[in-house]
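Contents: one structure, followed by commentary.
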């Protein structure tokens, strides 16, 4: 039996299970909401929601309601508000879903014995949270837990992006990029309309206030579009290559079986392909998409 505690040890005793207190008894169910109490992450999450609400305010009250074309207002209002709702729902799910945390303090003697390890089999212990780490798990210093298939810790969702919530994070970046692009297009059309018409007729606010609100929305939309579009592309690339951000940075050797890019997408978004891929309310059903296929 081969057991590892940072460095390779050759006896189970070197895992020092006696140093790990048994995990505290659970006083709540597994369905309870996951939430990280991190000051920076909470502030970033609140700022994210406030910026979306600001965009909602400018789009609806500055651009759409004063517009003379009712069809234009209704169609763009429905599209923008629908995408904004999906973006915030995705953010909430990414923030409040357990990303794949390993049970804390499970590196006890009883648990190690229950694993029924074969001769030569390797297990890892995290000295920080006293847990037996599964393959491809990494410890997060903010969440103070080992996270399965941890990609990175994102303060904007106040959570790690891992095995169980990567879908919601990807949807969040996609929907934010879409509403940012939509807002920029509407701002451009509004400026063109206002230059051709009387400024007093193109907004319920005074011309200076209208210009300031639209400029702030332009700056916000451009910044968020670039950031989320890059993040979305990076995430899709990582999913297709079945390699997390941490594994790429550490250049870890791939010890898991290679799967097709389409199968890797199904692992994250669910099997089989359906419109549920685009819904933050649908929990991925992996089905035949095996989460772990390691090369022995």
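Note that Cβ sites are derived from N, Cα and C of the backbone, with glycine treated the same way.
Note that TrEMBL annotation is computational and uncurated.
For the ranges 211-232, 233-254, 255-276, the feature annotated in TrEMBL as transmembrane segment maps to 211-232. Among the ranges 19-41, 42-64, the stretch that TrEMBL annotates as transmembrane segment is 42-64. Within the listed segments 70-89, 90-109, TrEMBL records transmembrane segment for the stretch 70-89. Mean model confidence for the domain 'Palmitoyltransferase DHHC' (125-251) is a pLDDT of 90. Between the transmembrane segment (211-232) and the transmembrane segment (42-64), three or more CB pairs separated by 6 or more residues in sequence fall under 8 Å, so the two stretches touch.
With helix defined as DSSP H, G or I and strand as E or B, the domain 'Palmitoyltransferase DHHC' (125-251) counts 74 helix, 19 strand, 34 coil.
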